[in-house]
Each structure stands twice: as C-alpha cells, then as structure tokens.
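Undergrad: This is the structure I want to talk about, given as structure tokens.
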Amino acid sequence: MFSTRKFLCLAVITLIVLLVMLIRDLQNKCDIEKNKARSLKPLSIIYVITPTYARLEQKAELTRFSHTLLHVPNIHWIVIEDSPEKTALVQNFLNRTRIHSTHLYVATPSEYKMNRTDPHWLKPRGVLQRNAALDWLRENTSPDDDGVVYFGDDDNAYSLQIFEEMRNTTKVSIWPVGLVADLRYERPKVTNGKVTGWYTYWKPDRPFATDMAGFAIHLNLIHQHPEAKFSNVVAAGRQESTFLTFFNLTLDDLEPKANMCTQILVWHTRTERSNTPYEEAMVKLYGADAYPNIEV
C-alpha cells in the first residue's frame, strides 16, 4: 500500500512538472510570436517641426541637431524658415543631409519680429512657421497614418531616448524639460502613473504648464482639430498651453514618459549670440580676397 501511494505521488509530481514545462513552452512560443509581430509592424514616423531664422549661429545649430536626428529611424524633418523665400544656406544644408526632410518658408510680419536687443521672452517666435508645418501635415498626410508630431527647436539638446519614448504616443505624451524658465527643470507631477499637476514656478495655473520641447502629439489629433494653431497674440509663456487646449484634453489624457517624468532627456539650451566687431578690420588688414565672405 505504501509503495502504491509513493508511486501515485511521483506520478502526480511528474505530471505537474510536465504541465509546467508545457505551459512555459507555450508562453515562450507566444512571446516569440508577439516579438515577431512587433518587429513586422513598421515604426511610427516622427515628424519633427523645426522653425529656423537667419543668424550667425543658424548653420551650426542645424548641423548639431541634424547629427542627433541621423541616429533616429523613421524621422521626417520639417524645417521652416522665417523668410520671404527659401535661402540657399538652408536649402543646400538640407540637400546634403541624409534625413528625409521638407523645406518650407514663411516670413513673420515686422510688427511681430523681435529686435536683437529684446529679451527672448518679449514676443513669441516661430508661430507662423509652426503653423505652416501643421498645414503641410494636414495636406500631405492622412488621418489614418501612424505618426507623431514633435516641435523640436534647432538650439535645444536632445537625448536619443526621448525620440523612442515619444514614438508610441497615442494622444499626447509629456515629459520634463531641463534648463527652462530660470529653473534646473520643469516637469509634470505624476501620481500613480497619471499626470496630476505641474512642478513649475512661473504661472503654475496654466492648464498645461509645459515647454514646447516637453510634449508630442499623435498625428490623428492634428487632423481631428484643424483649428489647432499657434498665435502671435497669446500672452508670453502661454503658447504651449493655449495650443494644447484645442485638443479637448484633460490631465488624465496625458501620457507621462521619461520614467514617469523623473528623467531629463531634453534641455532648453540657448546659444550665446555671436558678435563680430572686427570683421571690417580684418578685411582692411588682409583684403577682401584674403578674407572672403565664406558661409558660416
């Protein structure tokens, strides 16, 4: 009797082990199939919208940003000049890059342009340029396309990780931005995986207290809300928040990225303006032939 019990126990244990092994094998096969399905699914296109304007630092900053984007797959770079026509500098630059790009232009009216001595926050910049890119997207893509729209200025610094995190945006994804608003960083407040507010000092009552570099939008929302545009008459610092209100979002709709908004993956850097007071003296010293006007 004892031997029979022992045999039955061993048989049951063996059966359980075999069942566990079978379940694990099935799980592994399912995981492999899921990974195959993911690999077969094409990557969402990230449309990076970059306003730019003529200045001594322009080509240097476009070059630096392009070297970041070269490492990001499935990117479409929309570069919009603040100019009455396409300039040779930007056109030649984009022709030399290996990035899929679209080159647009629109000039900002003189009453909305800043003088060189104005503080950077006095008037909004890139308004009509970003709107031109939004119009292009609505005309050249479909509401059914799987794409993500990101406003990436040419003077910021970006981790490659931020592009991969924004790629699976379903509505609006959001994350912190470093070196912004006279702070080390601004970031969304996240509680139990949901955005519940904002850690910011300036105008914390804004519905969406984020920087332009701190969010991405799925392309279908751009199509669903053709009225969503930027404005030259929005109060300083409220451009992003006002734009996001067009999409009828609540905080619950926002998708926190960058490890639940605890990592800084983009920095709102600002290049120091270059001064060249000795240009005329150099020409006098060496002559125009020895010191030609080379594109910088």
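Each Cβ is built from the backbone N, Cα and C atoms, and glycine gets one as well.
All TrEMBL annotations are machine predictions without curation.
Since the structure is predicted, the reported quantities are computational estimates derived from the model, not experimental observations.
What TrEMBL lists as UDP-alpha-D-glucuronate binding site is Pro51, Thr52, Tyr53, Asp82, Arg125, Arg130, Asp153, Asp154, Asp155, His268, Thr269, Arg270. According to TrEMBL, the feature Mn(2+) binding site maps to Asp155. The site 'Interaction with galactose moiety of substrate glycoprotein' annotation in TrEMBL covers Glu186. Positions annotated as active site, proton donor/acceptor by TrEMBL: Glu240.
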Undergrad: Can you grab the distance from Thr269 (UDP-alpha-D-glucuronate binding site) over to Glu186 (site 'Interaction with galactose moiety of substrate glycoprotein')? Cα atoms, rounded to a whole Å.
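TA: Thr269 (UDP-alpha-D-glucuronate binding site) to Glu186 (site 'Interaction with galactose moiety of substrate glycoprotein'), Cα-Cα distance: 14 Å.
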Undergrad: Round to a whole number and give the Cα-to-Cα distance in Å for the pair Arg125 (UDP-alpha-D-glucuronate binding site) and Glu186 (site 'Interaction with galactose moiety of substrate glycoprotein').
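TA: A Cα-Cα distance of 20 Å.
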Undergrad: Whole-number Å only: compute the distance from the Cα of Asp153 (UDP-alpha-D-glucuronate binding site) to the Cα of Glu240 (active site, proton donor/acceptor).
TA: 13
Undergrad: Could you tell me which of these recorded positions, Asp153, Asp155, Glu186, has the fewest other Cβ atoms within 10 Å of its Cβ?
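TA: Taking Asp153, Asp155, Glu186 as the recorded positions, the minimal 10 Å Cβ count falls on Asp155.
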Undergrad: Can you grab the distance from Asp155 (UDP-alpha-D-glucuronate binding site) over to the residue listed as 'active site, proton donor/acceptor'? Cα atoms, rounded to a whole Å.
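TA: Here the two Cα atoms are 18 Å apart.
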Undergrad: Distance between Tyr53 (UDP-alpha-D-glucuronate binding site) and Glu186 (site 'Interaction with galactose moiety of substrate glycoprotein') at the Cα atoms, whole Å?
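TA: The separation of the Cα atoms works out to 26 Å.
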Undergrad: Fewest other Cβ atoms within 10 Å: which of the recorded positions Pro51, Glu240 wins that one? Let me know.
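TA: Per-residue Cβ counts within 10 Å for the recorded positions Pro51, Glu240 bottom out at Glu240.
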Undergrad: Counting across all protein chains present, how many other Cβ atoms fall within 10 Å of the Cβ of Tyr53 (UDP-alpha-D-glucuronate binding site)?
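TA: Looking across every protein chain shown, the total is 18.
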Undergrad: Give the distance between the Cα atoms of Glu186 (site 'Interaction with galactose moiety of substrate glycoprotein') and Pro51 (UDP-alpha-D-glucuronate binding site), rounded to the nearest whole Å.
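TA: The Cα atom of Glu186 (site 'Interaction with galactose moiety of substrate glycoprotein') is 23 Å away from the Cα atom of Pro51 (UDP-alpha-D-glucuronate binding site).
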